[in-house]
Each structure stands twice: as structure tokens, then as C-alpha cells.
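S.K.: Let me begin by handing over the structure; questions about it come next.
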Amino acid sequence: MSIVFPPSCMCGRFIHVETDLIGLLLKSAILEMEIRSPRFTGSSWLAFPALRGAYKHVQVSLELRPEAYDGIFFLTGERDDMAGDFMALLLHQGFVEFRFDCGSGVGVVRSEETILLNQWNHITLYRHRWDAWLQLNSGKHVQGRSKGLFSRITFREPLFIGGAGNTTGLSEKLPVAVGLKGCIRHLEVNDHIYKFALEPHGEASKGYGIEECTADRCSRVPCQHGGKCLTSEDSAVCLCPLGFSGDLCEIRVDLQVPSFNGSSHLRYRGLGEEALTWLDFEITLKPTAPNGLILYNGHRGDGFGDFMALYLRDGCVEFAYDLGTGAGIVTSQHRISLGEWHRVRVSRTGRLAILSVDNQLPSEVLSPGAFTQLSLPLNLYLGGVPNFGIVSPQVRVRTAFVGCVQMVRINGRTVPILAEALGGANVDNCPHPCIARPCGEDGECVPELDYFTCRCKPGYRDQLCARGPPSFRATDSYLHYNEPFTLEALASDPLDVNVRFKVSSETGLLLWMNSGYGGFLSLGLEEGALVLRFTVRGEEVVVVHNSTTVHDNLWHRVKAVRDGSSAVLIVDNGPAMTRQSVEIPPMSVSLGENEGLYVGGMPNSSLQSFTRYKHGIKGCVADLVLNTDYRLQPRLANPHHLAVIYLHNNEIYEITNLENAHNLSSLYLQKNRILRIDNLEQLKKLKRLYLGHNSISVVEGLQNLHHLEELHLEKQYLNEGTSLCFDPRTVYAISHSLQVLNISHNQIQTISMLAPLKFLRVLKASYNDLSNIDEICRMIRDWYHLKELALAHNPICKSRLYREDIIANAYCLEKLDQKEISDHTRNFLKRLHEERIAQRLYKSVNLADRIPDLPKNYPSAIQKAVSISILKQNKQPNEENLEIFDEKNAVYIPWKSLARWPHGCRRQCSEVAVPALVGRIPPKGEDFFEGRNLRRAMDVCVCLSGADGRVVEGRATLFRHHREVSRVRIPGRIGLPWMLCVVVFVLCRPEKGEERGWAWEDALRLSSQKKRENSRSS
């Protein structure tokens, strides 16, 4: 057989084979292809390596789509003839059965519900020793038990999935002998998710008759919010409508700067006849892939006819167009860099097209033929197309654009990218400052490469649209202007006042002007009518405008002109109202006391306005202009009026100048160079603090932020080996308010310092060095409000039953590592956790409480061993008698933890270890310790550690007392006060030339009956 690879094979598409063994090669090719969801035919199977570490505990999660009511789909055991231990999952008459044998009889657990044919079913199995729990879909948990007392299963045979493989003897142990007919798409055993492909692409060692399951791929991709599922050769994806993103379209997105991922597009009305003879467009984009269709508009749905297209090909920008007599293609002079913003401009007049990219020299091309007009009646697409069948064959790419687009201008008009889109799919937000909505709700963020500007509504004057039209509450709110320029404008004659307002109250003072020369001018609402009043030489002039309703909470514009004793009042460019004269009531106060201009109200308005206005307006005022050119700005620029401050993406090293921002609720300081958190003491109303992507090593200085709800500290740039730590005072200060904490990417090794945060709802701690799963479980047991937890990419994620332990210990966790937790999963794991806890026989005991006068210098391992020993017998130690426990319950102490033992007791031995004696020795004479199951009398080496730290080595004899109880005789008068004693004895073979002796070493269990026999013969 010879295999020849021609040059065309170098791209991996064709292999030329000269052989008669084509069938063998095809079989190998099928086995080596990557299987994602295998389909089984009833006689096919996959084999995986034998289970490890599963002899006592097994948890299986499996999803299958059966096509028949009978079949074996999970089988493993000790022998290939089913004569020993085994474990099997199968379908029998439509029910799921779990059969297992620990060596003393078969146990059966059967679901109460039947399997759903031609639908995906989820099976959860948990086995602990001889007990087992089974659940089908969201049905009832069924519990069973194997026969006999044996509780462990030996696994030596491969794990067979979908069938029985080469296993024989099925009919004696199982009710069915055929394999599964259907598909399996997920298999997880003890937190390990299996890959179904053969090695090295997957984990399967062998396989037979396997097919790729293509049925109902979209059933595992439940697209939300109107998303559509599309299948390809090996996967299924959701096409999300505008405003939603995520794998399942589950995330609602406030689109600001669109991002395209290769399966995205936006659809607009076609250019039609707007591009007949002339077309000029400019686009600002940031690509992340060297190939992709950016802009396309065509004439026919089959791709033929007129078209124009802008795309990337091998990093170069190309513009192609066809006027009906052949395509013209123009390419940029140089490749553009990926991940950076670029400006591309195309200008076409007739057959001539010119392409300009950034500062490169323009390129131009002349299309062939004589036609000069371009007809584009179909839709215009940005970022890609829903189907490349509509794209002209002259376009030299067949992939969609990957990257961001922030500006499109066609024929001199800027196209609102999102507002004018007729539709689209899979469009997400591009990382950009506009995502944070720095311009607020009343401003539009206009991206300009990596920066932005704000386009504000009328009445907003600062750069971030934060200084909007002031709002008045009709009680004690007003603005006061008394600068010299304002007083001079008020005293001028004529006086022109122009203002926009929006009110909801029928009465109230809008403006009050007093120049300090004995006269006043007021503008207000009286019973829904707008009234202008002013005084001239002791005479009051009144102008009433009641032809327009102005208290409808809509914006209106009023113009009031005073010229001597005459006045004109105009509302919304309507008819002008003129003056009327009335007598002035007696004035009880001097008009000069409230000098200046008041807007929205005034202090003591009822008194100062001579009872005409009891309060100010309830509404807003904007665009106040005096004498056509003197514009008054609302005095809201002081920091104490600010609620949100955006300072991200700067070069800030220190937090300063925020002392007066008393009303600040949100502070954005991401992506700066801040080294320390300080100068935030006055921000007592702060609720959200963003400090990610800085260089902060200690979280401190937040003691006064008692209303802080969100703290974001992700990805601090710290030195190697340095982790983010918390000041205990800060943690305690924010413990009653903090709900969201993000500490990802910070090399954190423990979160014990966060224990006081009892009201946490969201904790993100991914990409750290957390390795103690017990600490995490202990912490979250006290966080009753925790809803979301992210611990991905930490060492604890590799621990067995990581996800199960976290869910079982949490009170109401809804999401772990971005995966939703269903109610039935949570309840099942909690019940399972309670079962495991109930099987633990003993609680912890403080050794000092059980043994008085306990010496303080003993290692913790000894104290723990003694505590456990006391618990196992549940008896108080007696000074004259101490039991030696049965070997299977013995507690062995690691000798490295025992300090200052004499070397004479550490001779190398290899025969038999007998359980340790643990107890107290009285100081008198020879005393006895009773023990159990000590087979014969023997001499032992006794190492006694005294309460004063001294160590005495002695010799003792073990006497047979009766069949089950023996005694150890301890030599008396050892000269030490009574003490805690650890006696360890090991029988050893003497070396040549040495006397028969005894020594102790690491205590080992008797591993076999042979060793026991050897010990007796010795």
C-alpha cells in the first residue's frame, strides 16, 4: 500500500490513496474524526479508561436522546464476564434503571417516570458506598441500596458508553443486552466532562459504529428574546436580535458602539438611486481580523448585477463595484493594523473610484465598459450579510467583518448606525467609554476614536451634559443672581427677558427681578395664566396671557419686553399681549432687600411678593437670556451637586479634589494609575465605586462610606507574589451595605478577611489563587443573601465535587461561574449534602475539655488523634485504665509531627504495625493498660513524653489476659509526673549480630492476612 500526497494536499483538503484497502482507511478516518455528540445504533459503543477514585463515591450527569425504550448506555465493572463488581445505567421498558453490585448482591434503582423518546433527557446519578440516588429530568429523586455489607466497587474494565462493548454474561445480571439507539451529548463523572472523540483528539480509547448526532441540534441552544437558531456542520448558534447578546441571546444590551463577531450584521434601507452617478462615503472602524465584509449593497438577490462592496482581504482594504459591464476593484496601498481605529473613505464618480485609508496615498481604479450608473435597490448591509448567496462572486471574501464600527457617513450625511437600522443579528457593544453612558440620560455620546464628545439637549451647558436645566420643587428651591453685570442688565431700559420653562403647577413664581432702585418685575403663573408684573413710578403694570395652557408639563418659551411703562408678553411665538394699569397695594418692606434676580421662587415669597405668590413653580427652567445677549448659566457646577463622575481611562495617580462632592453616588476611576485609596472620607452618599485596572494593593480608606453598595477592584497591576488585601476596619465599615464585590485577577489566596460582608449578593473572584474549598464553603454558609458567585480559574475548581460543595453550602445561590443553578439542582445537592453529613458519626471535641491538665507543648496532630480516639469510644479516659481500639478504628499519627523523640525508638522495621496506645500514666509503681485484639504477649519499646518536655525510653511487656483483652505492663518509678503518653510498638526482625529488639516507625495498617500470620510466627 502506498499513500501519495500531491501538492494540493498541503492545505489539508485532498489525499490521494493508491490501495485496495480503502475500507480500512475509511474506518480509520471515521474513528479519528472529532465526535462531539455520538449517535449509537444499538450495536455501537465507545470505550473509555477504567474509572479511578470511584470505588466508594460516584456522581454521574448524562444527557441522552433515545430512539428506543431499551438499551444499555453506561457500563463498567471488575471483570468482562460480569462475575464481579459492576455498575450499569440502562433503559428497560422506557424506565431508567441503575444496577450495581458491590460484591454481595445486585441493587436496583428505577425511575418513576419514563424516558422521553426523540427528546433530550437529563439523568443525574449519585452513589455513595451501598446507597444510590437517581433522578430523571426534573422528576422525583429515587433512592436504593445494594445487597449485603460490602460497600466498594472495584473498577478494572473500561467504561463503556452507548453499549456493552466486549462484556459477556449480561443476561444473568441485566434485563436487556442491546445497546442504546440514540444520541448522547454530555457525560460527566465525578466532575470530569468526557470528550467523545478518540485519542488524541478526545478521551475514548476504542469505538465501534459511531456516528455524529445531527438530530435536533438546536434543542440544546434555546435562543431567547426572539433569537433564531442556525445549525452548521458541527454546531448550532443563536442569531440574536438587536439589543440582545450572549450565547443564548439572554443578555440585554444598551448598544452604543456596535461590535461585529463574524456572524453579525446590520440592515438598512438600500441606497437606491442616491448612488446612480455619484457616491461618497466614509467609515470609521477597528478590525480584529484580517478578512471580512464591511459594507455591501446589491441589485439582485442572487449576487449578480450591480453592486458595491467594501471589505478587508489579507489586512488590506478593498472596494469593489460593478456598473453592469464588469467589476472594478481598488486596493489600499498598505495593510492596516488590527485592533486600532482607522478612517476609510471612498469616492466614486461614474466609472472612477478613489480609495483613501488614513494617511496612505489614495488608490484609484476605472471600471471596465461604458456604463456609468450604479443601481442598488436592495438593502444595505453593515458588518456582514445574513447569507453570502446574495453577495456578488466578484467579492473576494466570504466571511463577515470582525471588529467595531463607530461612524458611517454616506453622501455627506452621518447615518445613525443603530437608530436607522431596520434589523440585525448578533451585534454587541464594542469596548468604548460610551458604554458607560458618560453623557447621562439627556445627552448623546458621540464616539471619536478612543474618546467621545457629548451632544446635549437644550439647557445643558457643560461637556458631560451634567449641568442641565435646574428643577424646582415649588417650596424652597430657587436660584439667585446678584452679580454686577446681572444688576446692570436688570436696570436697563428697555429690558428683554427670554426664557424656556416646563411647569406642572397652576400657580407659582417663575422670575422675580429687583434692581435695587425701588422697582420690581415678576413673571409667574396665576390660576394657570402667565402674568407679567412690574412697577413704573409707583404704578403697577400687569400683562396677562391666558390664551395658551402652560402648566401641562411641556416645554414653552416666553418673551417679555418692558419699555418704559409699556410691556409685551409673547408665549410660544403666539399673539402678543399688552399692558394694563392697576393700583399698587401698600408695600410693607423695601424692595431693595431682595436685590437681584430670583429664578423658580424666592425666600419668603408670600411676604416679598405682597401675597401674590405663596411659593415658586414646580418644574424646570432653561435658556434664560437678558437683553438678547446676556445668558445666565445655572449655578449647578459646584461639586456638591454632582451625582456621577467619570474619570476612567486617564493618568490619575491620586484621588483628590472630591472633598465637596457630598452628593456623589457613582465614581468611575477604572484604568488609571492609582496606588492608594484615600481622600474619600466626605463621599458619605457614595454607592458605586469603580477602581478596576489600577495598582492598588490594599483596600483601605472606606470607613466613612456606609452606603457603599458596589465595589469593583478587578485586575490590579501588582508585583509578582503580591496579592490584594483588605483593611479590617474598611471591611467592617462597609459590611452592612456592600452588595457587589469584584476582586478578580488579583492573586488572592484567601477570602477569610471578607467574612463580615454578610449582605453580599454578588462576589466575583475569578482568576485568583484560592485553593481552600473548606474555607470557601464555610464563608458562603454565612452569606445568606449571596445570589451570584464567580470562582472560575482558581485552584479550587480542580477539587472533586467543587460545584456540588459550593451549591450545597450556599443558601440561595442562583449563578455559579456564569452558569445558572436551577431550583431542583440546588435542592437535590442540599439533600445530598445533608445525607453525607448525617453519615459522619462524630462531632469535633476539644481535647482540653476532656483531659484536664493537658500539656501545652504537644503537636496538634497528637491532640487531634487523641480527640478522635476519645470520640470513637465516647468514654472519659481513666488514669488506671485505657482501652486500645480495634485495628480498623485505630488512629495513626504522622511521626513527622511528633517532636523530640529519641533515635533509639526509630530503628528501621518492616514487619507489622500494631495500633497506638494513647492515654495517661499515673506516677505510681507498675500499672496496666488494657487493650483489645492484641494477639500475643510481646515486648514493646515505650517512648514517654513528659509534661516537662523530657523524653524517657523504656521497655514494656504485653501480656495476654484472656481471649480478647491484653495488658501492657509499664515499668514503674520513672520519675515523671503523670503525663500524656503515646506508646507505639512495632515488631521487627533483628539484624545479624544484633539482639532481638523493638522499634517504632510510621504506623501502618495490616495490609493482608499474610502479614498477620508472619507477625504471629515471629
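Glycine is treated like the rest: Cβ placed from N, Cα and C.
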S.K.: Identify the disulfide partner of C240 as annotated in TrEMBL; candidates are C229, C249.
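M.R.: It is C249, per the disulfide annotation in TrEMBL.
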S.K.: Measuring Cα to Cα, how many Å separate C240 (disulfide bond) from C456 (disulfide bond)?
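M.R.: Their Cα atoms are separated by 31 Å.
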S.K.: Work out how many Å separate C456 (disulfide bond) and C249 (disulfide bond) at their Cα atoms, rounded off.
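M.R.: Taking the Cα atoms only, C456 (disulfide bond) lies 32 Å from C249 (disulfide bond).
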S.K.: Starting from each candidate's C-beta and looking 10 angstroms out, tell me which of the disulfide-bonded residues C240, C249, C456, C465 has the most other C-beta atoms.
M.R.: C240
S.K.: Give me the Cα-Cα distance between C249 (disulfide bond) and C465 (disulfide bond), rounded to a whole Å.
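M.R.: Distance (Cα to Cα, whole Å): 32 Å.
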